[in-house]
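Data first, discussion second: the structure below is written as structure tokens.
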Amino acid sequence: MGLKAVVVTVLLAAALSYYIYTPMPDAIQEPWKLMAVDAAFRTGMNLAALKYHLGIDHYITSFRRTMEGFDSTMVALVGSRSPAGVVPGVKISDITFAGVPVRVYEPPAGGEGHLRRGLMYLHGGGWAFGSGKMGAYDKVSRMISDELNTVVVSVEYRLFPEVLFPEPFLDCVAAAKHFLSPEVLDKYAIDPERVAVSGDSAGGNLAAAVAQEVATDDSLSVKFSVQALIYPVLQALDFNTPSYVQNRNMAILPRQVMVQFWLQYLGADISLRPQLIANNHSALQHSALTPELRSRLDWTSLLSQKFKKSYKPVVVERDSHGLLKKIPGLLDTRSSPLLAGPEVLAKCPRTYILTCEFDVLRDEGLMYARRLKDAGVSVTSDYYEDGFHGCLSFISWPLDFDVGKRALRSYMTWLQNNL
């Protein structure tokens, strides 16, 4: 190899390393693996954005296809699925609940007279990506069904850009009410006293909102007995909590991406992102943001010193852009369950909330746990000092992380003991 070729090779390697390299906290195990995953996500999004600007395709649908191709590659590599989409002991059915597509995982029959657990799962993906039929979601649903003798219903709610808030929420509510009907529970031999709702990230947002809706609906004879929320999205009024500031450039879910997900979901212009990152939408001038409402997400009083650290609240006097009028969904408890009043929280079921240190969403999960406890709800707060957003999706070789496996086992153990 000539000197020129060597120089070009070194420069390309340096450029690649620079693109992949993202500073990682010391507590993150196998940081280069996480850097590589994050670089792959960023590459996929950048290519999708390029296609969008060239008028070839919408960036969301383009990135979805990339994710689907990646999932197919991983399935072929790992060989985790058996023919016909069935694993020993678990029956898979793709049907609809009240017109909403769902995938039902049924465990082996427990014998005459033996009722089973039921769990409705809502996948994450920023209300724009993902499917309960893909990757770790499918694997975990099979595991829960098989190991915990549970009928798992994974909901394929509609996504952005096809629909905006509140349609994904309404899809999940419709599926939940259908699932909780005595006829459906009887059909699947589910114990009506042992039915859960669960979800991660944006799915955790939907799970929390659905749990509140069901808990306060007096027309329903069967309610969820537990809710299990995995690094849930719970509020959009403060993008300067300690965890948002600390993890603003963290891999997988940096702050700017989470704010973009919110703007997309609520049907707002993406150009407003800098205004929300600056907290201009929660300016003191807004009469709708009463002191009582602000107290529901006041991290200075709801978080322990361990998480507050030395961070200070970002308080803005005036909003010159009229953001709350432009984005009314910011104050809707169906989009932001953390804003619900104590009278609503008091009716919520026994709760499990998983949070991770290296996640912009850490603090809202911790605040929701605190507010639920204050309302008299039994809450298990499961916090991972070495965890990062999305870690439960990384449980299979070659993209497996020990923290993801530990968190998954803890989640399943809690369901076994509480559902």
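Just so you know, glycine gets a Cβ as well, placed from its N, Cα and C.
Pulled from TrEMBL:
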DOMAIN    119-273  domain 'Alpha/beta hydrolase fold-3'
ACT_SITE  Ser201  active site
DOMAIN    332-392  domain 'Alpha/beta hydrolase fold-3'
ACT_SITE  Asp359  active site
ACT_SITE  His389  active site
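Computed over the domain 'Alpha/beta hydrolase fold-3' (119-273), the whole-number mean pLDDT of the model equals 97. Around Ser201 (active site), a 10 Å sphere centred on its CB holds 29 further CB atoms from the protein chains shown. Distance noted between the C-alpha atoms of Asp359 (active site) and His389 (active site) is 5 Å.
Taking CA atoms as the reference points, Ser201 (active site) and His389 (active site) are 8 Å apart. For His389 (active site), the same-chain residues lying six or more positions away in sequence with a CB closer than 8 A to its CB are Ser201, Tyr231, Met250, Ile252, Leu253, Cys356, Phe358, Asp359, Val360, Leu361. Summarising the environment of Asp359 (active site), the number of other Cβ atoms within 10 Å of its Cβ, over all protein chains shown, is 27.
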